[in-house]
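Colleague: Feature table excerpt (TrEMBL):
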| type | residues | note |
| --- | --- | --- |
| ACT_SITE | H432 | active site |
| ACT_SITE | D483 | active site |
| ACT_SITE | E492 | active site |
| DOMAIN | 52-505 | domain 'Glycoside hydrolase family 9' |
Amino acid sequence: MALLLFSSSSKAFRVTIFLSFFFFLCNGFSSYSTSSFYATHHHRHHLAKHNYKDALTKSILFFEGQRSGKLPPNQRMTWRKDSGLSDGSALHVDLVGGYYDAGDNIKFGFPMAFTTTMLSWSVIEFGGLMKSELQNAKTAIRWATDYLLKATSHPDTIYVQVGDANKDHSCWERPEDMDTVRSVFKVDKNTPGSDVAAETAAALAAAAIVFRKSDPSYSKVLLKRAISVFAFADRYRGTYSAGLKPDVCPFYCSYSGYQDELLWGAAWLQKATKNLKYLNYIKTNGQILGAAEYDNTFGWDNKHAGARILLTKAFLVQNVKTLHEYKGHADNFICSVIPGAPFSSTQYTPGGLLFKMADANMQYVTSTSFLLLTYAKYLTSAKTVVHCGGSVYTPGRLRSIAKRQVDYLLGDNPLRMSYMVGYGPKFPRRIHHRGSSLPCVASHPAKIQCHQGFAIMNSQSPNPNFLVGAVVGGPDQHDRFPDKRSDYEQSEPATYINAPLVGALSYFAHAYGQL
C-alpha cells in the first residue's frame, strides 16, 4: 500500500506527490473543480464585492460532503461514497443516514438537531429569496429529518449518538473505511435528556413548517413526532450529558443545561402548531426557563437568544401581546453585539471579526449574523427599532453589522482569505477533516487503516478532496490563521457553522440582485 512505502526522510515530499496525484483523480472531472473556484471572483455583481450567490450554492453543497449512509445517484460531492450502512445494529435499530457533525466520523444527535433547526429557520425566513437553491436547501434538511425520525421511532426514547468518539478520534480514516465500534447511545425515561430531546423537537417542528406546502403529508409526520418528542423532553427532565458523560463529553456536553432548549422547543411548536397550550407553556415557564437571563452566545449549546428573537416575531409581527416582554429580551441580546452600544459585551478582533472563543469561533459569527438579519426583518415589518439604554439602532444598522461579518468570512480580512473552502482565490487547504484529507475511494480503493492516515494528517500537504462550501473554525483573536490540519480549533468545519450562514447568504444574494 502506498502509505507504507514512504521513507521517513522523504515522507513529507512523497505525501505531497501522493496527494497531488489523487487530487486530480478525485476532483478533476467534478463540476466543482479548481477552475470554477478560481473563477468565482471574476463574476461578481457590480453592486457587491462578493458573489453571495456562489457562496450560497457552496454553503449548501457542503452538506453533501457530510452525509452518512447510502448516497443517492444525484450526489454532487462525488469523492464521497456510502458509509455507516450498519449504524444502529448494535441496538437492533435502523440509524443509517444523517450527518457527520464535523471532521470526524461520529453522528452526534445534539448538534445535528440544532443544524437542522437552523437550516429550517434559514428557509422559513429567506427561502423565498433562494430561487434555484431552495430545493437543494430542502434536500439538506430532509437528509437530517429522515434520520431524526429514525432516531425518535421508539416512544420516550431518542438515539442521540452513533459511534464511540474516543475510539474514533484515535484513528484518522475515511468514513468509507470506518472500522471503529459504532456504539449507539440513547436517552429515555431512566436516562433523560431534555436538552437533546427538546432540540430534536424544535428541528422536527421547524422542518414541518418548511415542508408544509411542498410535502404536506411529510410535514404532518414531522409535526406529530415533534409534539411527542417535546412531551418526552418536558416530562422527564435532565441534561443528557449527566447520564452519558463519558460518551458525549467533552465533545457536546450540555453546559447551559436544558432550560434553554425547553423554551426554544416550545417556541418552535407554538410557531408550527399555533396551539395555545404552547403559548401558555411559554407564559407560565418562560422566566423559570431563563427567558430573561443575560447570556449572549447563541449556538448548539445555548438557545436562549434564538428563542427570544423567535418569540419576539410572534409579538411584533403576529401581534401576540402576551409575549411583549420578549422584545426587551431580544433587544438586550442585540445590544450586547453592537460595537460601542450601551451594554455591548462582545469582543471583536482588530480586523473586525466577532470573537467569542478560540474553538470554532466562526459558528458564533454565522449564528449571530443570522439573528441580526432575522431580527432586522421583524423590526422592519413592525416599523420599529432596537433600544439600547438611551440609544436607538435601526434595522439597517443590524444588517450592516451582519454584512461586515459575512464579508470578513468571505475574504475582507487582514489575511485576504476566504474561510469557506472553494470560495475566492485563497481559502484553507488543510482543513481538519478525515475524508477531505485522505485520497478518495475512487482513486485509492484499498483500505487506509486506522493509524495509517496520521501520516497524511500530520503532513503539510494540501487536502486532495475539496469539501466545497465548508466553513472552518476561523482565525484567532488576532486575525491569525495557520491553515494547519492538526489545529482542529481553527481548521475544522462543522454543520452548525454552515446552517445559519445559508440564511444570511440568501439575504445578501437577493439584496445585491444576484438571486
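Cβ coordinates come from backbone N, Cα and C, glycine included.
Unlike curated records, TrEMBL annotations are generated automatically.
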Colleague: Just the number: how many Å between the Cα atoms of H432 (active site) and D483 (active site)?
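Modeller: It is 9 Å, counting Cα to Cα.
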Colleague: Let me spell it out: for each of the active-site residues (D483, E492), count the other Cβ atoms within 10 Å of that residue's Cβ, using every protein chain shown. Which one has the most?
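Modeller: Highest number of other Cβ atoms within 10 Å: E492.
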Colleague: For H432 (active site), what is the tally of other C-beta atoms lying within 10 angstroms of its C-beta?
Modeller: 24
Colleague: How does the model score the domain 'Glycoside hydrolase family 9' (52-505) in terms of mean pLDDT?
Modeller: 97
Colleague: Pop the Cα-Cα gap between E492 (active site) and D483 (active site) into the table, whole Å please.
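Modeller: Between the alpha carbons of D483 (active site) and E492 (active site) there are 10 Å.
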